[in-house]
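Trainee: Quick paste from Swiss-Prot:
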DOMAIN    33-93  domain 'Sushi 1'
DOMAIN    228-287  domain 'Sushi 4'
DOMAIN    287-347  domain 'Sushi 5'
DOMAIN    473-543  domain 'Sushi 8'
SIGNAL    1-32  signal peptide
Amino acid sequence: MAPPVRLERPFPSRRFPGLLLAALVLLLSSFSDQCNVPEWLPFARPTNLTDDFEFPIGTYLNYECRPGYSGRPFSIICLKNSVWTSAKDKCKRKSCRNPPDPVNGMAHVIKDIQFRSQIKYSCPKGYRLIGSSSATCIISGNTVIWDNKTPVCDRIICGLPPTIANGDFTSISREYFHYGSVVTYHCNLGSRGKKVFELVGEPSIYCTSKDDQVGIWSGPAPQCIIPNKCTPPNVENGILVSDNRSLFSLNEVVEFRCQPGFGMKGPSHVKCQALNKWEPELPSCSRVCQPPPDVLHAERTQRDKDNFSPGQEVFYSCEPGYDLRGSTYLHCTPQGDWSPAAPRCEVKSCDDFLGQLPNGHVLFPLNLQLGAKVDFVCDEGFQLKGSSASYCVLAGMESLWNSSVPVCERKSCETPPVPVNGMVHVITDIHVGSRINYSCTTGHRLIGHSSAECILSGNTAHWSMKPPICQQIFCPNPPAILNGRHTGTPLGDIPYGKEVSYTCDPHPDRGMTFNLIGESTIRRTSEPHGNGVWSSPAPRCELPVGAGSHDALIVGKFYEVFAEEFCHL
């Protein structure tokens with residue numbers, strides 16, 4: 001047998017991190033041939049202490065029964081399947097001694113008399129219980145005992161019965177009157193045994209109890225009265241409006257009313273008849289309910305009534321915009337109260353707002369009652385399309401949100417203006433973050449920035465650069481040639497695409513004619529950098545071969561001039 005392992009606290013321990021640790025231990029157990037910490041046993045405790053969380057196969061853990069339990073020390077073993085052997089039935093609850101019956105009473109065993117069990121005590125009718133009505137089997141040192149002493153059942157006692165004028169009572173005892181004792185009244189006789197008084201009322205009363213604790217007499221004592229007189233009538237919970245005298249004469253009428261909180265059933269006026277009789281039959285005053293409580297923002301039925309009899313009901317309903325919480329009706333109880341508790345009317349609430357706002361967020365109020373407002377806010381760079389808020393409103397009998405979720409669209413710049421003699425190239429769109437490019441038509445050069453970006457300043461989207469200008473390309477006159485001329489203007493400024501023509505000068509007075517060598521017409525164009533150039537070199541004017549004198553040759557001397565210089569703007 002393996003030696004016992006030192007096992008620290010009874011399980012579970014404060015040092016075990018609860019469910020998280022338990023889950024981790026279960027996970028680890030599936031990967032190792034070990035047992036986890038054994039479950040905590042309510043009836044036994046380990047004899048040694050350990051901080052280990054895992055135990056090798058074959059480990060023995062020793063236990064002893066806890067106070068309140070009996071049994072021999074035992075061990076549980078970690079088996080090959082990583083499960084501990086069962087500790088069931090190793091310890092049994094100790095039993096308290098059989099509880100004695102109280103004097104004149106009984107002890108009731110509810111289930112058993114073992115540790116933690118409870119018993120009840122009771123007394124028969126006519127007796128009251130002195131002491132505790134229950135006891136529990138608890139630990140005391142190494143044993144178990146009942147936590148309360150056995151009570152006593154005392155007989156319920158009544159006080160002396162009431163005395164009557166012109167009469168007396170008879171009973172088994174004139175000093176001790178226990179529960180159930182009966183006394184009988186009789187009237188005194190006159191001289192020579194003559195009957196001069198009439199016994200009115202119940203001749204016998206007995207000792208009883210309403211709460212099984214205090215003894216009371218079953219009713220009022222009778223009276224011995226002179227014939228053709230009536231004693232004051234008694235109506236429980238009633239008040240005699242007429243003079244309250246000891247005797248009333250024949251045919252005399254008295255009036256009753258009920259105490260507050262009670263309602264009258266029967267006639268309010270009765271008349272004294274022969275033999276101490278009151279006619280008609282005396283009324284009764286039964287407990288009634290006052291008008292039920294008013295509920296804020298609610299209507300109820302039977303508002304015109306001042307008193308309600310037991311069993312009567314009133315119904316509540318809430319005003320539009322409110323929900324009723326509690327019972328819709330109350331009923332008047334025999335005790336003069338309303339049951340159940342009055343309801344309340346709470347402001348209606350809308351359901352949780354579940355809509356989502358892509359590229360934005362929803363701002364919720366503290367509550368969702370009628371009038372609550374949910375705000376919609378777009379992220380930076382986006383603008384709201386739709387309602388900026390939704391309100392909880394009343395629609396018939398329902399509370400609803402009055403608008404749906406809007407859309408957060410990306411903010412856009414204004415449509416960019418097209419430069420004169422230029423173009424705008426939108427690459428994707430004109431939303432914030434997008435770029436556009438500018439270009440000029442042929443014959444024009446771009447002055448300014450060739451691109452712009454849609455940016456955000458505060459809440460406004462605008463283009464980062466002003467639109468450029470497309471300026472027309474102008475160049476000076478083409479080169480002059482000897483013995484020739486061109487059609488350019490004296491001031492120059494030849495626009496793009498303009499053509500100029502060359503001709504040779506005639507010299508008839510000298511008998512010379514020049515020939516134009518090259519292109520007679522050249523045109524204004526541009527090179528890739530936007531600079532103006534002529535389409536070809538300027539032509540030249542030459543004499544025919546062998547023609548003219550030496551002077552003529554000088555005049556017609558060959559000059560090769562190229563018009564390839566740039567036209568800068």
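The backbone N, Cα and C atoms fix where each Cβ goes, glycine too.
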Trainee: Let's see if you can do this one: DSSP helix, strand and coil counts over the domain 'Sushi 8' (473-543), in that order.
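Mentor: Taking each residue of the domain 'Sushi 8' (473-543) in turn, the totals are 3 helix, 30 strand, 38 coil.
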Trainee: DSSP says what for the domain 'Sushi 1' (33-93): how many helix, strand, coil residues?
Mentor: 0 helix, 25 strand, 36 coil
Trainee: Could you put numbers on the helix, strand and coil content of the domain 'Sushi 5' (287-347), residue by residue per DSSP?
Mentor: 0 helix, 26 strand, 35 coil
